[in-house]
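Below is one structure, written out as C-alpha cells; the observations come after it.
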Amino acid sequence: MAAERQEALREFVAVTGAEEDRARFFLESAGWDLQIALASFYEDGGDEDIVTISQATPSSVSRGTAPSDNRVTSFRDLIHDQDEDEEEEEGQRFYAGGSERSGQQIVGPPRKKSPNELVDDLFKGAKEHGAVAVERVTKSPGETSKPRPFAGGGYRLGAAPEEESAYVAGEKRQHSSQDVHVVLKLWKSGFSLDNGELRSYQDPSNAQFLESIRRGEVPAELRRLAHGGQVNLDMEDHRDEDFVKPKGAFKAFTGEGQKLGSTAPQVLSTSSPAQQAENEAKASSSILIDESEPTTNIQIRLADGGRLVQKFNHSHRISDIRLFIVDARPAMAATSFILMTTFPNKELADESQTLKEANLLNAVIVQRLT
C-alpha cells in the first residue's frame with residue numbers, strides 16, 4: 001500500500017511539477033486516486049490559487065523545538081467558511097471522496113425551525129402580502145378611543161341664498177350575515193382559533209393552514225365557514241406564553257324546576273281562557289239557588305292563582321264548594337286539596353257542615369294542594 005502511494009506521488013509530481021508536499025495534499029484529498037487528484041489540481045487553477053501559510057518561528061524558540069507544520073489552504077476554503085451560516089439552514093453536507101467539485105456531495109435534511117422562528121416567518125409573510133399591524137383592542141385607563149366616522153344623516157346647505165337646505169340620509173354599511181371574524185392566536189407550542197383547542201405546529205395536518213397564513217392567504221377551512229362571505233382574520237402574538245384554555249361563558253339556567261315550600265308540589269295543566277270561562281259558567285249553573293232562602297257570596301282563592309266568586313244559600317254545605325271548584329277547574333278532580341279559612345287560618349275538615357254552621361257567610365276560602 002505504501003509503495004502504491006509513493007508511486008502515485010512520484011507520478012503526480014512528474015505530471016504537474018508541483019512540490020511533493022502539495023502533491024501529497026491533493027492525493028490525500030482524493031483518497032490517493034491519481035486521476036481525481038490531477039483533476040482537482042487543474043480545476044483549482046494549479047499554482048495560481050494555492051496559498052501556503054507558514055507559521056513564523058519566534059526568535060526566542062531554541063533549536064530543540066520541533067519544526068512547525070505547514071497548512072495549505074485554498075481560496076475555496078475561505079469561501080466555504082463564509083457560507084457556513086447558509087448551510088446550517090440547508091442541512092449538513094457530507095463529502096464522499098474527491099474535492100468539492102470532483103467528489104460526491106450529500107446534503108442532509110434541513111434543520112427544523114423552532115416555534116419562535118416559525119411564528120416570525122408567519123408574521124413576516126403576512127406583512128409582505130399586505131397585512132397591517134393594528135392597535136390592541138383593550139384600552140388603558142384614561143386612554144381615548146379612536147374617532148369613528150359619522151354615519152348618520154344631515155342637511156346639505158344651499159349653494160345660493162335662494163336655495164333651500166335638503167336633508168341627506170347617511171349611507172348604511174351593508175354587512176353580510178355570512179361574514180366571519182376569526183382570531184388566530186400563536187402560542188409557544190402551537191396555535192388556536194378563537195377559543196378553540198391548541199393545534200401543534202408540528203402536526204402535518206396543520207401544515208397547509210400555516211402555509212396559507214405565511215403566504216398571506218385565508219386558509220380554506222376558514223373560507224368554508226364564511227360560505228362565500230368575507231373572512232376577517234386577526235393574528236395575536238403569544239409566542240412567549242403557554243396555551244391556556246379560556247373559561248366558558250356563563251349560561252343562565254333555562255330548564256324547569258319546582259318552587260320550594262309546598263308539601264307536595266304539583267304541576268297543573270291550564271286551559272285556554274275561552275275554555276276556562278266556559279267551565280266556570282257551567283260550574284255556576286250547577287249550583288241551584290233557592291231565591292226564597294237567604295243567600296251569601298263566597299270568594300274562593302284557587303291554588304293556581306285564580307279567583308272565583310259564587311252565590312250560595314246558607315243551607316249549602318262545604319262539600320258543595322268542593323264540587324263547584326272541581327267543575328270550574330276540571331284538572332282539580334285528580335288533585336288532592338283542602339279548603340281553609342283566611343283568618344283565622346283553619347282547615348275546613350268537616351265538609352258536611354252548612355255554610356251558616358261553619359260561620360262562612362260572606363267569607364273568603366283558600367284552596368291548598370296537599
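These residue numbers are counts, starting from 1, taken along the chain as shown.
Cβ atoms are placed via backbone N, Cα and C, with glycine included.
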Problem set entry | Annotated range (Swiss-Prot: region 'Disordered') out of 232-260, 261-289, 290-318 | 261-289
Exercise. Looking at the ranges 109-115, 200-206, which is given as motif 'Nuclear localization signal' in Swiss-Prot?
Worked result: 109-115
Seminar exercise, completed: Which range of 28-31, 124-127, 144-147, 172-175 is motif 'Nuclear localization signal' in Swiss-Prot? It is 172-175
Exercise. Between Ser60, Ser68, Ser102, which does Swiss-Prot record as phosphoserine?
Worked result: Ser102
For this session: Of the residues Ser62, Ser99, Ser192, Ser352, give the one that Swiss-Prot describes as phosphoserine.
Result: Ser192
Exercise. Between Ser74, Ser165, Ser319, which does Swiss-Prot record as phosphoserine?
Worked result: Ser74
Problem set entry | Predicted model, mean pLDDT over the domain 'UBX' (291-368) | 92
For this session: State which of the following modified residues has the fewest other Cβ atoms within 10 Å around its Cβ: Ser114, Ser192, Ser272.
Result: Ser272
Seminar exercise, completed: Residues in the domain 'UBX' (291-368) per DSSP class, helix first, strand next, coil last, are 16 helix, 27 strand, 35 coil
